[in-house]
Each structure stands twice: as C-alpha cells, then as structure tokens.
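**Q** Below is the structure I would like to discuss, written out as structure tokens.
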Amino acid sequence: MIDLKFLRENPDAVRASQRSRGEDPALVDALLDADAARRAAVSAADNLRAEQKAASKKVGKASPEERPALLTQAKELAEQVKAAEAAQADADRTFTAAHMAISNVVIEGVPAGGEDCFAVLDVVGEPRAIDDPKDHLELGEALGLIDMERGAKVAGSRFYFLTGRGALLQLGLMQLAVRLATDNGFTLVIPPVLVRPEVMAGTGFLGAHADEVYRLESDDMYLVGTSEVPLAGYHADEIIDLSAGPRRYAGWSSCFRREAGSYGKDTRGIIRVHQFDKVEGFIYCKPEDAAAEHDRLLGWQREMLALIEVPYRVIDVAAGDLGSSAARKYDCEAWVPTQQTYRELTSTSNCTTFQARRLSTRYRDENGKPQIAATLNGTLATTRWLVAILENHQQPDGSVRVPAALVPFVGTEVLEP
C-alpha cells in the first residue's frame with residue numbers, strides 16, 4: 001500500500017504515477033475521499049462514545065427524579081453509537097478497498113508507457129553467428145535433456161521433464177546462484193510453496209493478475225509463483241533489526257504459474273511453463289538504502305549471467321509493465337538465437353515500502369521509533385536460463401558446450417547425443 005502521508009501531501013505525484021502506468025488517476029481522488037470519510041466516521045464515533053461515557057456517569061450520580069430522563073438519553077446514545085460504529089466499519093471497508101486499488105508510486109526516471117517503452121541501460125556481449133540454429137527444445141530432446149511429450153502426458157500442456165544432464169544443468173545453475181548469494185551475505189531459505197491469502201495479497205499478487213495464481217479452494221491456500229511471496233511474509237507483523245544493515249535472503253523453491261493470459265504465446269519448449277525452479281534474492285532494508293540495494297541486486301544478477309557466458313542486455317522496465325508492488329524494475333534479457341531477440345532471464349524490483357506496509361514489517365529508527373521497512377526482490381537463477389545456455393552454446397554438430405562454471409555440476413564440458 002502507498003504511504004497515506006505522501007498521498008495527502010503529493011496527490012499530483014500519485015496521479016502522475018497512475019498515468020505513467022496506464023492506470024486510472026481517478027483512483028487517487030477516490031482514495032482521498034475515502035480517507036476523509038473514514039477519518040470523519042472515526043471522529044463521529046469517538047465523539048458519540050465520549051458523550052455516552054459522560055451520560056453514564058450522570059446516571060450514576062442522578063437523583064431518582066432525574067434518572068428516567070437520563071436513562072432514556074443514554075439509550076438513545078447507545079443506539080447512535082451502534083449506528084456510528086457500523087458507519088465507521090463501512091467507511092473502513094471502502095477505504096481499504098480504495099487503498100488496495102492503487103499501485104506503488106513509480107520512482108522518478110522510470111520510463112512511462114507500456115511493455116515496449118522500456119529503456120536499454122546496457123548491452124553485454126555480441127551474439128554469435130550461428131548458421132541455421134536449432135531451438136532449445138530441438139537440442140534438449142536430441143541430447144536427452146528435456147521431455148515435453150511425457151510432461152504433457154503426465155500433467156498437460158506447459159509441463160515437462162528435465163532428464164539426465166538436463167536435470168544436472170538446472171541443479172548446477174541453482175547451486176551456482178546459492179553459492180553467489182551466500183558468499184554475499186544472503187541467508188539460504190527453502191520456504192513453503194503454499195501460502196495464506198493475506199500473504200499473497202500482501203505482496204500484491206491478488207490484484208489485476210490474480211488469475212495467474214493457482215488457488216487450492218478447499219484449503220484457501222495459494223501456490224506461489226516465486227519465493228518472493230513467502231519471503232515477504234517471513235517477517236510479517238514483526239519489528240526487525242536493521243541496525244547492522246539490510247537483511248538478505250535467498251529462497252530456493254519450485255514456482256507455479258497458471259499463465260492464464262498467455263494463450264498462444266511461447267507454446268513450444270520451456271520458456272513459459274506452469275512449474276519451474278528458481279532462486280530468488282529478497283532484501284529487507286531501510287527505505288533510504290533501497291536504491292543502493294537495487295543496484296547491488298542487479299550487480300549480482302549480472303555476475304550470474306557472466307558465469308553462463310551469454311549475451312544479454314539490461315532494461316529499465318516501463319511503468320505500464322511493472323507489477324503493482326514495484327516502483328522500479330530492471331530486467332536482464334539474454335539473446336535467443338532462434339528468435340533473434342532478447343528474452344527475460346532475470347528481473348529485480350524495488351518495492352519501496354509498499355509490501356512491508358501491507359504486511360506490517362517494521363524496523364526501529366535511531367530514535368527507537370518503528371518505521372516501515374523497504375523490500376526488494378530479484379531472480380538469481382531459474383529454469384528458463386536453460387533456453388539461453390542451450391541455444392547460445394550450440395555447436396555445428398548438434399552438441400552444446402557447457403559453460404565452464406557449470407562443468408563441475410554437469411560432469412562434462414560438452415553435451416553430446
């Protein structure tokens with residue numbers, strides 16, 4: 001949720017943020033109205049309760065002659081208090097809905113517009129000239145790494161098996177990411193992949209894209225699409241100690257996405273699937289440290305991409321392509337030879353205080369006063385990386401060179417039929 005103090009003092013900035021996202025700026029006015037109505041309802045209920053308390057004291061001190069009239073007055077006040085409290089509850093519900101409807105305020109400098117309005121920040125490496133390149137699925141099937149046919153037989157479309165050295169390749173990626181994370185002060189966490197509705201909502205995943213999330217209706221639980229979700233809930237309703245610096249966690253989990261809005265997109269191979277593994281970095285810090293932590297997360301992602309030796313670019317994602325929680329997001333996109341374009345391998349988001357405010361995660365400032373923490377997240381490795389590795393390192397004979405950093409995990413320098 002956005003900061004109400006900031007909203008009241010800077011409504012035009014929030015309206016501008018909404019416009020840059022392609023979202024309705026009128027939601028800002030709806031929230032301001034709901035905020036004013038809620039405060040008025042609280043004040044009215046408080047005043048009536050004070051009157052009721054004073055009237056009760058008068059009844060206790062009244063003479064027999066005065067008591068009947070005072071009792072009648074007290075009864076009337078009790079009814080008024082009941083009505084005022086009901087009005088306050090209604091105002092609270094309206095306010096909460098209006099508050100939840102507004103996305104995080106984008107950071108100055110984020111490109112306005114939709115998916116194609118990103119800014120390229122850096123391009124690393126030159127794509128190899130590959131004559132008649134094979135795609136990752138053709139390579140993966142020929143080398144015994146990926147089995148989509150049996151995945152579909154067992155679970156349906158967009159499911160797969162990783163087999164033999166394909167499984168080792170993914171495990172190697174994950175272990176490289178874990179090593180990089182723990183070497184840089186992250187605590188490794190293997191979290192639950194099922195979470196309660198309030199945790200999913202707290203991270204911002206039950207908004208406009210709620211249909212992308214798997215829900216177990218009989219248990220009222222959600223399967224996570226990223227370990228960002230359980231890691232954001234890890235310190236919910238807590239005051240954490242940030243006096244020694246940010247708290248950094250690396251979550252390794254399976255992830256699940258319905259891909260409900262992706263009909264007909266990336267239907268071949270493992271670019272867009274319902275289940276995959278991922279190592280996700282997650283950081284709690286003071287708000288003033290968030291921008292620097294965002295740059296550090298991006299730096300660690302770039303270290304990982306250097307280890308798999310693929311050409312990539314870094315983009316500043318446009319406001320209209322941000323999730324509701326993110327105030328800024330950087331993507332690293334690897335070159336995919338058969339598509340002749342760059343595809344996302346990592347993203348890292350600065351969520352400022354948006355998630356922590358919803359989840360009530362705070363820290364104490366230098367005066368001991370509780371303040372809302374900032375949160376950030378970023379991909380350190382995921383199954384999709386196999387696409388970039390297989391396609392960029394393919395050889396004319398149909399084999400694939402294994403990046404040097406992954407050789408110890410895979411057990412060979414070349415994947416051959």
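Quick reminder: no glycine exception, Cβ is built from N, Cα and C everywhere.
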**Q** Hey, Swiss-Prot has L-serine bound by Thr226, Ser227, Glu228, Glu280. Any idea which of Thr361, Thr379, Thr383 it lists too?
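**A** Answer, per Swiss-Prot (L-serine site with Thr226, Ser227, Glu228, Glu280), from Thr361, Thr379, Thr383: Thr379.
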**Q** Of all the binding-site residues given, Glu228, Glu259, which residue's CB has the most CB neighbours within 10 A?
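**A** It comes out as Glu228.
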**Q** How many whole Å apart are the CA atoms of Ser227 (L-serine binding site) and Thr346 (ATP binding site)?
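**A** So the Cα of Thr346 (ATP binding site) lies 14 Å away from that of Ser227 (L-serine binding site).
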**Q** For each of the binding-site residues (Glu280, Glu344), count the other CB atoms lying within 10 A of its CB, then report the residue with the highest count.
**A** Glu280
**Q** If the L-serine site is taken as the center of the Cβ atoms of Thr226, Ser227, Glu228, Glu280, Thr379, which further residues of that chain fall within 8 Å of it by their Cβ?
**A** Val229, Leu231, Gly251, Ser253, Cys255, Lys278, Val279, Gly281, Phe282, Asn377, Gly378
**Q** So the record assigns Arg257, Arg258, Glu259, Val273, Glu344, Leu345, Thr346, Ser347 to ATP. If I measure every Cα pair among those residues, what is the longest distance in angstrom, as a whole number?
**A** 19
